[in-house]
Every structure is written in structure tokens, then in C-alpha cells.
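Copied from Swiss-Prot, the annotated features are:
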type	residues	note
BINDING	His16, His26, His86, His91	Zn(2+) binding site
BINDING	Ser19, Glu22, Lys27, Glu32	Ca(2+) 1 binding site
BINDING	Asp62, Asp64, Asp66, Glu68, Glu73	Ca(2+) 2 binding site
DOMAIN	13-48	domain 'EF-hand 1'
DOMAIN	49-84	domain 'EF-hand 2'
MOD_RES	Ser2	N-acetylserine
Amino acid sequence: MSELEKAMVALIDVFHQYSGREGDKHKLKKSELKELINNELSHFLEEIKEQEVVDKVMETLDEDGDGECDFQEFMAFVSMVTTACHEFFEHE
């Protein structure tokens, strides 16, 4: 398996490690998203302690307005964070 394919499998695995703990196994609730960000993105994003921050992140991601983050919305978030990190490291 190529490095890119391994990365894709890892993204899918991480999403499903957190989704469905509290409901729909194909979506992240706010608490699941917060835990995922704090555990899996701690080197790129500061730990989220304030509920208002989680609410704002979810509001931005939740394109269909169902109050949860599906895989497509999660991938849009990962893409935004990855792009921001790429731009940061490119200028170092």
C-alpha cells in the first residue's frame, strides 16, 4: 500500500474511532469532535477547552445543519487544517 493510501485508511479509521460513541456511527457529535481534535490534532491545534470554540467549529463544519459532522464534513475540516499547516511550514 502506498503512503497516500495508508494516510487515507488512517483518516477513515480515526473518524470511526470517535464517531457513533453517542449516536449515529457515521457522524460525530460535538463531544466526539472535541475529543478527536484534542487527542488527534494536539500538535497542530491547541487543546479546545471552551464549549463555545467547539460550537463554532461545528457550526462551520456542519454544512447540512443536522448538528453533527459526517465524514465529508470531517474531510473538509482535515483539508482546511492540512492546508493551513502546509502554508505555515512552507514559509519557515
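Heads up, residue numbers simply count up from 1 along the chain you see.
Cβ atoms are placed via backbone N, Cα and C, with glycine included.
Remember, predicted model here, so these are calculated numbers, not experimental data.
Sequence features annotated in Swiss-Prot and their locations in the structure.
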{"residue": "Ser19", "record": "Ca(2+) 1 binding site", "DSSP class": "coil"}
{"residue": "His26", "record": "Zn(2+) binding site", "DSSP class": "coil"}
{"residue": "Glu32", "record": "Ca(2+) 1 binding site", "DSSP class": "helix"}
{"residue": "Asp62", "record": "Ca(2+) 2 binding site", "DSSP class": "coil"}
{"residue": "Glu68", "record": "Ca(2+) 2 binding site", "DSSP class": "coil"}
{"residue": "Glu73", "record": "Ca(2+) 2 binding site", "DSSP class": "helix"}
{"residue": "His86", "record": "Zn(2+) binding site", "DSSP class": "helix"}
Long-range same-chain neighbours of Asp66 (Ca(2+) 2 binding site), Cβ under 8 Å, sequence gap at least 6? Lys27
How far is it from Ser2 (N-acetylserine) to His86 (Zn(2+) binding site), counting Cα to Cα, in Å? 21
Sequence-distant contacts of the domain 'EF-hand 1' (13-48), meaning Cβ under 8 Å and at least 6 residues beyond its ends, amount to 54-55, 57-58, 61, 66-71, 74, 81, 85
In the same chain, residues at least 6 away from the ends of the domain 'EF-hand 2' (49-84) whose Cβ sits under 8 Å of its Cβ atoms read 11-12, 15, 19, 23-24, 26-31, 33-34, 37, 41
Radius 10 Å, atoms counted are CB only; among the recorded positions Ser2, Ser19, which position scores highest? Ser19
Which one is it, among the binding-site residues His16, Ser19, His26, that lies nearest to Asp64 (Ca(2+) 2 binding site) by Cα separation? His26
Can you tell which of the binding-site residues Glu22, Glu32, Asp62, Glu68, Glu73 lies nearest to His86 (Zn(2+) binding site) in space, using Cα positions? Glu73
So which of the binding-site residues is most packed in, judged by how many other Cβ atoms lie within 10 Å of its Cβ, out of His26, Lys27? Lys27
